[in-house]
Amino acid sequence: MLKSNDCLFSLENLFFEKPDEVENHPDNEKSLDWFLPPAPLISEIPDTQELEEELESHKLLGQEKRPKMLTSNLKITNEDTNYISLTQKFQFAFPSDKYEQDDLNLEGVGNNDLSHIAGKLTYASQKYKNHIGTEIAPEKSVPDDTKLVNFAEDKGESTSVFRKRLFKISDNIHGSAYSNDNELDSHIGSVKIVQTEMNKGKSRNYSNSKQKFQYSANVFTANNAFSASEIGEGMFKAPSFSVAFQPHDIQEVTENGLGSLKAVTEIPAKFRSIFKEFPYFNYIQSKAFDDLLYTDRNFVICAPTGSGKTVVFELAITRLLMEVPLPWLNIKIVYMAPIKALCSQRFDDWKEKFGPIGLNCKELTGDTVMDDLFEIQHAHIIMTTPEKWDSMTRKWRDNSLVQLVRLFLIDEVHIVKDENRGPTLEVVVSRMKTVQSVSQTLKNTSTAIPMRFVAVSATIPNAEDIAEWLSDGERPAVCLKMDESHRPVKLQKVVLGFPCSSNQTEFKFDLTLNYKIASVIQMYSDQKPTLVFCATRKGVQQAASVLVKDAKFIMTVEQKQRLQKYAYSVRDSKLRDILKDGAAYHHAGMELSDRKVVEGAFTVGDLPVLFTTSTLAMGVNLPAHLVVIKSTMHYAGGLFEEYSETDILQMIGRAGRPQFDTTATAVIMTRLSTRDKYIQMLACRDTVESSLHRHLIEHLNAEIVLHTITDVNIAVEWIRSTLLYIRALKNPSHYGFASGLNKDGIEAKLQELCLKNLNDLSSLDLIKMDEGVNFKPTEAGRLMAWYYITFETVKKFYTISGKETLSDLVTLIAGCKEFLDIQLRINEKKTLNTLNKDPNRITIRFPMEGRIKTREMKVNCLIQAQLGCIPIQDFALTQDTAKIFRHGSRITRWLSDFVAAQEKKFAVLLNSLILAKCFRCKLWENSLHVSKQLEKIGITLSNAIVNAGLTSFKKIEETDARELELILNRHPPFGTQIKETVMYLPKYELKVEQITRYSDTTAEILVTVILRNFEQLQTKRTASDSHYVTLIIGDADNQVVYLHKITDSVLLKAGSWAKKIAVKRALKSEDLSINLISSEFVGLDIQQKLTVFYLEPKRFGNQITMQRKSETQISHSKHSDISTIAGPNKGTTASKKPGNRECNHLCKSKHTCGHDCCKIGVAQKSEIKESTISSYLSDLRNRNAVSSVPPVKRLKIQMNKSQSVDLKEFGFTPKPSLPSISRSEYLNISELPIMEQWDQPEIYGKVRQEPSEYQDKEVLNVNFELGNEVWDDFDDENLEVTSFSTDTEKTKISGFGNTLSSSTRGSKLPLQESKSKFQREMSNSFVSSHEMSDISLSNSAMPKFSASSMTKLPQQAGNAVIVHFQERKPQNLSPEIEKQCFTFSEKNPNSSNYKKVDFFIRNSECKKEVDFSMYHPDDEADEMKSLLGIFDGIF
């Protein structure tokens, strides 16, 4: 490496080093103190006069020595002492505003002053004639003899020798090659940014025998340079020629000047350990020292990245600790940074610094559960983000913690102009100002320490506005502005503009930049580590691959071996190949182990180039000598957009390694059209503006919930405390106001803006507004503020109907605004489609139609995959899933509270409670992987437990501990620990009974929740102290009957909890669904059904409403969805026929039972009272007369030979002509399937209206026969196929008969005792199977139910029909008849075919009803005897 002292360098050298310079300080001081790291001794620093004399003696370029020293400010002097050092054409200093007009151009400067520049331009103009911008002709103003000459390449001689620097600095810090003028053409524009162009083919390799290497990685590109065709002319725009650096004052570095730096010894002894890393504070820290340590004024400092701003915060903390006596109990310090990574860094740093002196630190970021509030109670320093602190402070009136904050530290306060995050920061600071003012009014201001704001910002032009915003009424904030000169590592900033045609996509433009990376690295890296930021993860891999092909790195053998070792330790095969060649990539979608390997290799300097996404800039601190931002567009929210200024500054801030470098370079590669924008940005000329006016609605609601705002006037007053107000007064046009408005006009506009947002809130009932324009929060608005939910999400859930299933809710949640930052990437679609639908794998529970095409479908798929324990191999998808569940758990908790507060329907409330628990446990509510919730059990061990058949907590507890260890392949006492964990889970029992006080419209039930193991839980509990269960009861009308949360602490006191609940009668059914839902555990829930008994049917005037199939059924089968099965409501109101009386059926609900007589009544009884048995026989004959459907199967009843029966009487006879209205119109057989006919109550009404007509014509619709000869005219095959086509569906339902019999026995009918024997006998006969092979279905069939609903809801529509049929069936049938009746039943023991029993059902619905009150034990024997002759009477 060339020696740093009086070395020779040539203009032909490719690489250069920027001089160490100090820019003007903004203060109006004539001279400021400065020193360079490492600081020289005072005796070594020459006097200012000597420096000026030295400058005078080196005017001419041909002299042997020339110092790299800056001259006095052009504004002060116009002498001939103004020089531009050779390498200053690459200076990227940014002037303060007061020097903006002092740009030098050729007309205003003497020839000798700029001779070397003129020579440079002359030489360049001979090579490049065509540049965009102004063409320069320097030959006219500069004599030929001042033109520069080239140095000999092989000789160390030169016609122009310069002294490289004023102070000698060791070789290991500075060593570089210098730029070759033949290859490098650099124009210096008035914008203070250098645009650079290299000529293809002219550069030479810069490794020669005299060069020593600090880093052993040299870049050799294939082409070694840019060509004009590769880069395009637009890269080098030189609109005008002017000096590219800010002229500086020659700093007076004197003994007194150095003495103005503050020493750490000024800090009290017990706090000096905080600043133990250095003996003196740097210039910026020293300037801020007095204001921070000796006053309590609010403080704003603007300084470049890396200038030691963190120490400013530490000084402010030290001031507070000095003021507050020990112990520091009642103080909180809040550090707020825009990203979690900065909070983590600060947490790790300050935990070590402040821990020894007794301060506790706590990181509060992300969706932290509110349990962390208890930990924060004991923390002194809290690191948080604006979003998290916003959600915390929305409850500050309820929480005294926030009022204890005495110091509020804001890092990167310039992000307040960020479109998305800025409004949150602005609102939080304004709210903290409100907290301060309220606490001061509540306390004695003379004794209380006021809250202090200390804010740190990157260099911004309007820092005074930030200071004004942070000022309180009495004391304005101190504002300290520092420029780039105080950065410990001087940063050179380059913006390269590349042509991009209008038809060229962003993807294609990004690809073209990949081929220019090698030349940029070669030019600017100085053979030191380089960091390249790319827009996408795929772009990172592509760029690294292109560089490895285009360039070869010269590395030592040891370095190659170390890279080989790194390569073998990574999992990613692509990364392994690239890493061997000296490059690597890093992004958040990689395996954690791979990322750590790459970070380690880059940190120690073994890795020359690292490609990464912008996430690295926000997270891991990996500084580099050169930072390249390849393309300023990135993919966010489904479209390409420019990086925010925060992102750009954060990425640029990675340039410079204080422990290695004194200079660093940042290069931005962008399109020509946006080049000027980034020049302005890097010059820090972008004014900070507020974005609060675009996001006002959520924050207004939050302030109303806090009662900060109660009317419009206070709303405007609140806005006055924001940055929005300050900037609107100064720049109204930016906020859509007329530029000529005065203060009153702007305030009126702001008030109008407030009212618009307030009306939107009021429209969704989030706030209540009265005529006086006063506001009050509603419960919905309070929940929206507490759970930090966006207005758009609340708007979406206001449209729910109340019948949403789990699937519907998941779909709604997936479309929430909170998931806008989730992106659907091309390479993820295959994995997602496999999760959605794949016949060969386990897929998600509710598959979506079609392929995965949108962000919402991706979110939906990942939610279901996580809940279904389906492993996701893609690490990027795993990360997205974690982010989704952070937001999703908050949204689902809000949803369950919101639905409860809105008094929505039972089904959606139950499902929202279950879904909130699912998100918390990351399991479906019916999952077999209950063991995954236990400590030390992950998805792998959980799969092993499920494969062993242990799918519930009960089974796990009953399993031997050693067997568990065998299943899990773990050593003792692992199995014992698992068993203990399960043992100490709460075990609930739910008892529900109806209180025997019956009424027509209401019933009382007693619900008891029992904690079975409450004695065991007194000593130890697996569940958290905050665990609770929710008791929710709903009726058949989808209404919530009762909702209550029961905490474990309540149950632990007595072991049980009981509540008497009044239940109003539902229209559709008397069934109640009682559910006990655990808040944190899957596998503890209990679901029960209860059928409530009421005295009288529900009547409305003279009509009884009959509603059938539209009942809401909530079923909880093991693998069935918690859903609302809602069929079409085909119920009609049947009027009672004039002259009819009410039947004697004791149906629980006459409008839902299966009897027509319950709806339309029965004919009045004749005067001559018939006996019970004769009435029954008459009823049976009438039924036989009315029945109109031919039998499905032939009845072959074996008669005794002794019985004289005329077969012709029962033979087949053609039917007489039917009435004008055809039978198909009555029964709708041709149009409707048999399954739907049960829901046509008007059919029965019409049949009943003309019974005499059928009787008179003596049409026998059911015929019995003994032989085959009379059936010859029938098409048996068609009949049987027709009947069984419908039967097949029903026979799949198993066990229904038993359910019916048990439900009948379990119901609380008054006459239950007298009928018990009768029902038991019937249960053993007909109820066990409803398929009667001898009896044909007349005109109806049962509704179709799911298996789960049939199991769980015994009293469905039509069940009552079967019950009455059972009660009416004669018991003592002859053996022959029984044998024939149950022939088909034996074939299908589990089937439930209602078609076959409808012959008897039709009887029960027609002429006469059986009054069960007439059945007494005394009459039973006589009736049974008479019953033996029933068939004799018929046949």
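Every residue, even glycine, has its Cβ placed from backbone N, Cα and C.
Annotated features, as they stand in Swiss-Prot:
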| type | residues | note |
| --- | --- | --- |
| DOMAIN | 290-478 | domain 'Helicase ATP-binding' |
| BINDING | Ala303, Pro304, Thr305, Gly306, Ser307, Gly308, Lys309, Thr310 | ATP binding site |
| DOMAIN | 519-720 | domain 'Helicase C-terminal' |
| DOMAIN | 777-1092 | domain 'SEC63' |
| ZN_FING | 1143-1158 | zinc finger |
| COMPBIAS | 1296-1306 | compositional bias 'Polar residues' |
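Neighbours of the ATP site: apart from Ala303, Pro304, Thr305, Gly306, Ser307, Gly308, Lys309, Thr310, residues of the same chain with C-beta atoms within 8 angstroms of the site's C-beta centroid are Ile284, Val456, His486, Arg487.
Sequence-distant neighbours of Thr310 (ATP binding site) (same chain, 6+ apart, CB under 8 A from its CB) are Arg346, Asp349.
Taken residue by residue, the zinc finger (1143-1158) breaks down under DSSP into 2 helix, 0 strand, 14 coil. Counting only residues at least six positions away in the same chain, the Cβ atoms of Asn282, Ile284, Met482, His486, Arg487, Pro488 sit under 8 Å from the Cβ of Ser307 (ATP binding site).
Mean pLDDT, taken over the domain 'Helicase ATP-binding' (290-478), works out to 83 on the 0 to 100 scale. In the three-state DSSP scheme, Gly308 (ATP binding site) is classed as coil.
One residue stands out among the binding-site residues Pro304, Gly306, Gly308 for having the most other Cβ atoms within 10 Å of its Cβ: Pro304.
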